[in-house]
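Engineer: Okay, so Swiss-Prot annotates it like this:
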REGION    142-163  region 'Disordered'
COMPBIAS  144-154  compositional bias 'Basic and acidic residues'
REPEAT    144-183  repeat 'WD 1'
REPEAT    186-226  repeat 'WD 2'
MOTIF     227-231  motif 'L/FRRG motif'
REPEAT    231-270  repeat 'WD 3'
Amino acid sequence: MHFFVRKYRGKAALLSIGTFDGYKIYNCDPFGKCFHKIQGATSIVEMLFSTSLVALVEKDDGNNRKLKLINTKKSTTICELTFPTPLLAVKLNRKRLLAVLEEQIYVYDISNMLLLHTIETTSNVFAVCALSPNSENCYLAYPDSRDHEPRTEGESSSPNVSNSAVSGQVILWDVINCKQITKIEAHKDSLACLAFNSDGTMLATASDNGRIIRVFAIPSGQRLYQFRRGSLPAQIYSIAFHPDSSLLTVTSSTQTVHIFRLKEVYSNLERQGLLPSSPPPKESLLRRSSRSLIGTVGGYLPQSVSGMLDPERDFAYAHIPGDKVTSIAAFGPDNTIVNVATYDGNLYSFRVNLRTGGECAMVNHFCVGLTAA
């Protein structure tokens with residue numbers, strides 16, 4: 001299952017789901033199914049923003065080695081690629097398509113599907129990586145290999161199955177020029193989740209421990225924020241930035257959706273009258289605002305100081321009903337809504353009070369059909 005939300009020619013919110021008999025694409029607001037293809041079981045469905053271009057990985061005899069690039073509007077297959085080992089993830093933006101295998105990442109020019117580079121990685125069985133959605137700040141983040149360093153006290157009590165070959169260090173890679181930019185010391189435990197903001201100027205990280213969420217400036221790697229999800233370990237399922245980078249939402253195995261406020265960004269937007277509750281400004285203004293704050297925050301919080309500060313708790317939160325199940329979240333089209341999709345086929349919408357925070361009210365609940373394959 002893949003959950004995708006982005007402003008594109010207005011506002012859009014799309015949810016794509018791979019199922020045992022094909023795949024579906026839903027519009028979240030207003031809710032409705034906008035595409036359904038009956039075929040074999042589909043394990044990966046990735047959309048290029050709100051376009052008709054979709055990357056699919058079918059469960060072909062269980063090997064998951066074939067990638068198809070589909071135009072859903074024309075019902076045509078643009079290309080097919082077969083890989084030596086199973087595909088674990090596919091990432092794409094307007095410039096690049098990445099095919100993620102356990103020990104390689106293939107980098108393609110999406111305009112002609114020419115293979116540009118193959119990155120050799122450590123064994124990354126959970127495909128922990130992120131591709132910036134921004135075509136100018138076009139970066140890939142993925143884990144460095146673990147050097148078997150001893151863990152510090154309090155960092156080894158995670159109840160989750162660890163991606164043990166993966167370290168807590170992030171490699172930042174320029175996928176336009178095909179070169180490594182820097183390494184970021186993010187966590188002691190193995191990395192579990194990575195996410196860029198819409199501009200590619202911030203990177204959020206979480207480890208297998210799941211207690212701490214950190215945000216770094218990109219490409220410098222300067223630590224900007226540190227948030228505490230909870231006092232007990234948990235498995236982090238997803239991280240997503242608000243479109244203007246003022247908020248961050250996190251889902252985990254606790255069934256609580258945490259929403260953190262990036263205070264310096266939020267305060268700057270408030271001064272400029274660019275808060276999400278205001279009439280939506282031009283995207284370029286939001287981008288300039290969030291970019292300018294990167295330098296400002298970095299100036300106030302050098303890494304040696306920010307590492308000593310107590311992590312902040314969530315600003316707002318929501319509870320997912322029912323049994324514990326894997327979930328993913330993203331901010332909805334009116335920017336005060338957090339949409340949460342669960343792997344048992346439910347879509348929940350929660351409203352965030354941007355002034356007071358606290359518990360978010362559920363405003364919608366829809367069933368999105370079959371459980372994802």
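A Cβ is built for glycine as well, from the same backbone N, Cα and C atoms used for every other residue.
Note that the structure is predicted; figures quoted are calculated from it, not measured.
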Engineer: Within the repeat 'WD 1' (144-183) only, compute the mean pLDDT.
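Structural biologist: Across the residues of the repeat 'WD 1' (144-183) the model's pLDDT averages 70 on the 0 to 100 scale.
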Engineer: Summarise the repeat 'WD 3' (231-270) by DSSP state, stating how many residues are helix, strand and coil.
Structural biologist: 8 helix, 18 strand, 14 coil
